[in-house]
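A.B. asks: Here it is: the structure, laid out below.
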């Protein structure tokens, strides 16, 4: 039975529990839950904050000027401490992790997008838990995603997750600021993110982190528009991750309509200019249209145009009908070399391989 893919984002406040350093006992409890879900067959991706806090503690809280360079210094030192903390705890359960440091450019550039996604899929397929952070040590304002809430939403889209959990020091989204209004009520379900929902989100909750409730609302909006259910929940609640995975009602759930997942991809692919044409044989046509299969090199008859890996191309039948748009795993030169060949021959012909398929079904939209 295939279990769902879940992206879990941990804010600095969740990992430090209000202290100036990573809280090892609390992280141990987090890892226990994720290990349980991992062993139960769930595909878990971690997006972690905490590098700057870890770096500051490791350097014994140095007096640094409030500059970007100072933050990048702390991130550079702290990232190794952060990943070591995760690694040591998961090793207790004999679970391997893999670190990815991303910037906005890795998400927005199509070829780098595919490379990042392929890496994530390879980790998950080999039962390795990806641990992701923004590459704060080198990212400039122009290439920063901005905060790990937004990064987690983009990662959820990248791996086509079913759910995104944003764990924080709050119980969820309230109808007013609970720190100022003791009568504030938790909003258990948000059907649609409206201006009213945005208006009740406050600022950053702690001085250790960079995100507040507003960044979580923005992230939820990005994720739910792509068909990914998003939940803001308290990171300090016992067993919160496992309970959410097994569908207990905790925190605030943002409903995603599954039609949005396909529609958002359709809009993106339809808007992109076609860079080339791949003509396929009747067997490949049947596999794509009738069996919802990926396109294999063996089914390719001809390749027209010059295009890079990840650019949008048309898939055309022998009769000249365009049946799909999609992003190929290989560029046009590579496809010319492997067309008509078995997938097992790809590495021998090219000297490398990005997988057995020329175009994955997840990167393909069928034209009506």
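Here the Cβ of each residue, glycine as well, is placed from N, Cα and C on the backbone.
So Swiss-Prot lists these for the protein:
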- 9, 168, 169, 210, 211, 212, 213, 214, 215, 216: ATP binding site (BINDING)
- 49, 136, 148: substrate binding site (BINDING)
- 275-353: domain 'PUA' (DOMAIN)
A.B. asks: Using DSSP, would you call residue 9 (ATP binding site) helix, strand or coil?
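C.D. replies: Note: residue 9 (ATP binding site) is in a strand by DSSP.
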A.B. asks: Which binding-site residues from the set 169, 213, 215 come within 10 angstroms of residue 148 (substrate binding site), judged by C-alpha positions?
C.D. replies: 215
A.B. asks: Kindly assign residue 148 (substrate binding site) to one of the three DSSP-derived states: helix, strand or coil.
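C.D. replies: Looking at the DSSP assignment, residue 148 (substrate binding site) belongs to a helix.
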A.B. asks: Rounded to the nearest angstrom, how far is the Cα of residue 49 (substrate binding site) from the Cα of residue 213 (ATP binding site)?
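C.D. replies: Cα of residue 213 (ATP binding site) to Cα of residue 49 (substrate binding site) measures 15 Å after rounding.
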A.B. asks: Within 10 Å of residue 49 (substrate binding site), Cα to Cα, which of the binding-site residues 9, 169, 215 are there?
C.D. replies: 9
A.B. asks: Fewest neighbouring Cβ atoms within 10 Å: which of the binding-site residues 9, 49, 215?
C.D. replies: 215
A.B. asks: Note down the number of other Cβ atoms within 10 Å of the Cβ of residue 169 (ATP binding site), including every protein chain shown.
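C.D. replies: The Cβ of residue 169 (ATP binding site) has 17 Cβ neighbours within 10 Å.
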A.B. asks: Neighbour count, 10 Å Cβ-Cβ cut-off, for residue 213 (ATP binding site): what number do you get?
C.D. replies: 24
A.B. asks: Mean pLDDT over the domain 'PUA' (275-353): what is the value?
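C.D. replies: Mean pLDDT across the domain 'PUA' (275-353) comes out at 95.
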A.B. asks: Just to be sure I understand the packing, how many Cβ atoms besides its own are within 10 Å of the Cβ of residue 148 (substrate binding site)?
C.D. replies: 28
A.B. asks: Can you break down the domain 'PUA' (275-353) into helix, strand and coil residue counts using DSSP?
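C.D. replies: With helix first, then strand, then coil, the domain 'PUA' (275-353) has 28 helix, 19 strand, 32 coil.
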A.B. asks: Helix, strand or coil: which one is residue 49 (substrate binding site) in, per DSSP?
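C.D. replies: For residue 49 (substrate binding site) - judged by DSSP and reduced to three states - the answer is coil.
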